[in-house]
Amino acid sequence: MNQPQIGTYNVGTQLTVGSHQVEIIKYLTSGGFAQVYSALINPPDPHSNSSVACLKRVIVPDKPSLNTLRAEVDAMRLLKNNRYVVSYIDSHAAKAMLHNGSYEVFVLMEYCERGGLIDFMNTRLQNRLHEFEILQIMSQVTQGVAAMHALQPPLIHRDIKIENVLISANNEYKLCDFGSVCGIIRPPRNSQELSYVQQDILKNTTAQYRSPEMIDTFRGLPIDEKSDIWALGIFLYKLCYYTTPFEKGGDLAILSGKFEFPLYPNYSEQLKGLIRDILVQDPRHRPNVYQLLKRISIMQNVPCPINDIQVVQAPSSHLNLTELHQLSATQNILSLNSPTTMENTMPNATFQISMADNTTTAQMHPNRKPSQIAYDASFSNSAKGSQPLFDKSQNMYHALDPPLVEPLASSVSNNDNELKANSATKLKQAIVSEAHTFRQNNSIDFPLQNIIPQYEDSSSSSDESYSGDVDELKKTRSLGSYSTRGNIKKNQSVKESLTSSSLPGTSFTPTSTKVNLKHENSPFKSTFVNTIDNSKDDLNKPSYEDLDVSKQNLKNSIQQRMIDKLNSSEESFNARKMSKVKLHEKGEIDKPTMLKSSGPISKDKKTKPTPPPKPSHLKPKPPPKPLLLAGRKLSLDK
């Protein structure tokens with residue numbers, strides 16, 4: 001947008017601005033669309049009791065710009081009675097005669113005859129500002145900002161800088177230029193709002209004074225009073241060192257938040273610490289305007305000039321979601337800091353978490369009270385006589401009380417022995433009952449003394465008689481004689497041979513000790529299972545009271561049976577071998593069908609199929625020969 005080309009008023013030009021008669025005294029400066037004059041007004045300003053005022057003439061090209069200027073005038077009207085803000089006197093707007101569609105606006109305001117703060121600082125280049133001067137300027141400018149933040153809803157200046165502070169005739173520093181004033185800007189919710197906020201920030205703020213949340217709008221932080229606090233920190237740094245802390249780095253330096261203090265001029269650590277506390281990346285950790293003024297007042301050794309304006313107020317329509325969260329957090333902090341204790345108004349739980357009856361906790365504590373069950377995380381409030389988990393009077397869990405812990409430990413120690421005794425008894429009963437049913441179902445009346453003799457005090461004779469039986473058992477087990485159901489008959493034959501052939505002429509009465517072979521019910525069919533049922537008096541009786549059997553006969557009988565078995569197995573092997581030889585001679589032996597030899601398989605190379613001949617019409621035709629090569633002569637004369 002091009003700046004309208006307008007001329008300046010001559011000295012003595014008279015105008016009417018609202019209810020005041022104005023006469024131009026002097027042309028002061030111009031910038032942008034505005035021109036500034038000093039003028040005489042009638043009637044005088046009641047606030048400053050002066051007849052000299054400042055006239056600001058602005059050419060507004062369109063209605064949106066007119067609305068922006070109207071917002072500036074409205075902000076000045078709200079801050080009219082503050083001594084550290086340039087006061088508003090009167091205003092007027094009319095259609096401009098110079099440009100089509102543009103407006104001409106006149107604003108009368110307080111005249112600060114000592115000029116701007118930037119001019120005063122330029123006069124002190126060699127003799128820099130002292131710390132008490134810096135604190136005085138900072139205190140007065142901050143009070144002007146506090147007047148804006150105290151409004152409901154609060155206003156944000158957004159363009160606090162050295163150039164926007166004027167000095168009155170009474171040596172008071174006043175905040176001016178409210179053209180960038182706005183309310184709280186909530187975080188943008190879509191790309192359109194994001195683009196609008198970014199363009200608005202670029203238009204209405206100064207680069208070196210922008211806060212991190214203004215530069216990085218993707219942080220999702222609101223632009224509120226804390227952005228003005230950041231600008232005040234930059235303002236204070238420039239008062240001290242005549243430059244901004246992020247002058248060289250730009251936006252990246254602001255986002256990093258790292259800065260240094262020059263060696264000259266040298267200021268107190270309190271002042272440097274105040275700058276550090278203001279220039280914090282997170283706006284929630286920056287002080288508000290009251291806290292900032294209080295710190296400055298302590299350094300000046302004067303009382304704080306304002307009351308705490310950051311009080312908890314009822315939510316209103318202008319508060320956004322972030323402010324409501326901050327409001328609730330502030331209320332919680334105030335309630336926690338109050339001396340009165342709040343009662344627990346939480347209702348009882350309507351749900352119940354149950355535990356299995358066979359858990360370790362339930363087994364170890366079978367006789368616990370309902371209040372003790374809560375310690376095992378059952379959380380049942382519906383049981384009769386149960387106590388809540390949290391005691392309002394003592395503010396501690398019942399499970400941590402000493403009277404509950406001691407009986408708990410004793411009950412654990414008392415029940416350990418009972419559990420061990422009960423488990424041993426149950427295990428013994430289960431073994432006895434299982435053995436009883438096993439004997440009834442799968443019992444073979446077989447005298448165990450004939451295979452495994454019982455232990456006696458005189459171990460010499462029993463060991464000799466036992467050696468042959470052990471060898472027999474090892475051999476028969478290795479051959480799998482007790483692994484299938486079909487070998488029961490073999491076991492019976494062994495029984496008969498032991499009772500008849502090895503014991504001739506004797507009457508044998510079997511005892512109650514039996515070998516029980518479990519064939520069908522065993523989970524592992526090839527396992528030899530035996531159980532021993534001992535009667536009351538069998539353990540103390542001798543094994544061979546009425547038996548007169550020679551040891552040599554018993555050994556001979558066992559050896560003879562083993563030789564017979566070996567001979568029979570050799571004969572069967574020879575018979576099978578002869579049958580195979582005969583079949584081979586006749587040519588009826590089975591031939592392998594899969595592989596003819598055990599050597600490696602040789603892979604034959606596949607022959608590629610011959611492609612069919614190409615049709616003649618698809619064969620490429622040679623290009624026609626030139627006429628010279630075809631035997632014809634070219635006649636050039638035609």
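Backbone N, Cα and C atoms are what each Cβ position is placed from, and that goes for glycine too.
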According to Swiss-Prot, which residue out of SER478, SER483, SER557, SER568 bears the annotation phosphoserine? SER478
Candidate set SER481, SER500, SER535, SER569, annotation phosphoserine, source Swiss-Prot, matching residue: SER535
Candidate annotated in Swiss-Prot as phosphoserine, out of SER211, SER522: SER522
Tally every other Cβ atom lying within 10 Å of the Cβ atom of ASP159 (active site, proton acceptor). 18
Taken over the region 'Interaction with SH3 domain of ABP1' (602-615), the model's mean pLDDT: 62
